[in-house]
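> First, the structure itself, so that you have it in front of you.
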Amino acid sequence: MAFPQPRPQVPQLPQHLLRTIECQQGAVRAVRFNADGNYVLTCGSDKSLKLWSASRGTLLKTYTGHGYEVLDVDSSFDNSQLCSCSSDKTVILWDVASGQVTRKLRGHAGKVNCVQFNEEATVMLSGSIDGTVRCWDTRSRRYEPIQILDEAQDGISSLKVSEHELLIGSVDGRVRRYDLRMGQLHVDFIGSPITCVCFSRDGQCTLSSSLDSTVRLLDKSSGEMLGEYSGHVNKGYKLDCCLSDKDTHVLSCSEDGHVYFWDLVEVSLTLKLPVGKAVVQSLSFHPTEPRLLTSMEGHVQVWGAEPETAAVEDS
């Protein structure tokens with residue numbers, strides 16, 4: 001006789017505000033966890049990039065070198081390098097420890113909205129309002145891109161890299177997935193300008209948000225629509241969406257001052273997290289724990305599944 005399987009634990013959602021960080025760098029355009037979730041990176045409208053301790057909310061370093069507001073940042077897997085992009089049309093590779101600019105790359109014809117390392121941090125990929133994605137070798141001294149992807153008919157708003165795949169969202173209303181190993185391009189037509197794209201953690205699905213205030217989950221191999229998540233407001237801003245650390249929930253920023261959590265399978269709204277009275281511009285989910293970063297105006301909020309008192313006693 002087999003014993004019944006224990007019921008799976010209800011996933012904990014990061015709904016307790018642990019701390020608010022006053023970033024003092026103008027409006028925070030993007031907030032990101034680093035690869036292991038121990039650090040927080042913030043992109044400022046004052047041209048600066050800042051590195052913070054995730055557990056304490058203390059400022060560790062400020063990186064200056066962009067000529068206009070910083071729009072996105074990514075950290076290498078070993079935390080030794082950062083890449084960032086800006087409205088100044090450049091992509092910068094930084095040395096984390098020294099705070100120095102390793103390389104400043106020009107080539108895009110307009111502001112650069114998004115930037116990512118590949119998994120080995122040997123290549124940086126940048127997406128611009130000019131409709132191109134440029135691939136830059138981080139190890140060579142060359143200042144030209146090693147490849148330019150120019151299939152989009154309008155600006156690139158978002159990109160993600162996963163092993164041998166590249167996911168790109170464009171204002172032309174299409175999500176493009178490049179299989180770099182097979183040399184294939186898959187296109188999903190959404191219709192509304194895409195604001196954010198990402199892979200599910202298990203790599204089976206893609207998530208995209210668009211300016212029709214809808215987040216869509218697609219099966220990667222078949223292109224089948226698995227879920228449409230709505231209720232939030234996304235009509236005029238480039239807002240982030242993501243999946244929780246265990247792919248149980250879909251999250252989106254909203255122009256109404258909340259972060260929306262939907263159950264991925266049930267497609268039902270689970271939590272409407274009140275952040276403030278302005279637009280929630282950016283969010284980032286911790287890679288392995290139920291922790292969330294949000295940004296609103298000049299502040300970043302750190303959210304956890306348990307109130308901070310318990311977290312302090314543990315540390």
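The backbone N, Cα and C atoms fix where each Cβ goes, glycine too.
Bear in mind that TrEMBL entries carry predicted annotations, made automatically and left uncurated.
The following feature annotations were taken from TrEMBL:
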type	residues	note
REPEAT	21-62	repeat 'WD'
REPEAT	63-104	repeat 'WD'
REPEAT	105-146	repeat 'WD'
> Kindly state the mean pLDDT of the repeat 'WD' (105-146) in the predicted structure.
96
> Could you break down the residues of the repeat 'WD' (105-146) into DSSP helix, strand and coil, giving a count for each?
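Counting residues by DSSP class gives 0 helix, 18 strand, 24 coil.
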> Under DSSP, the repeat 'WD' (21-62) has how many residues in helix, strand and coil?
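DSSP classes over the repeat 'WD' (21-62) add up to 0 helix, 24 strand, 18 coil.
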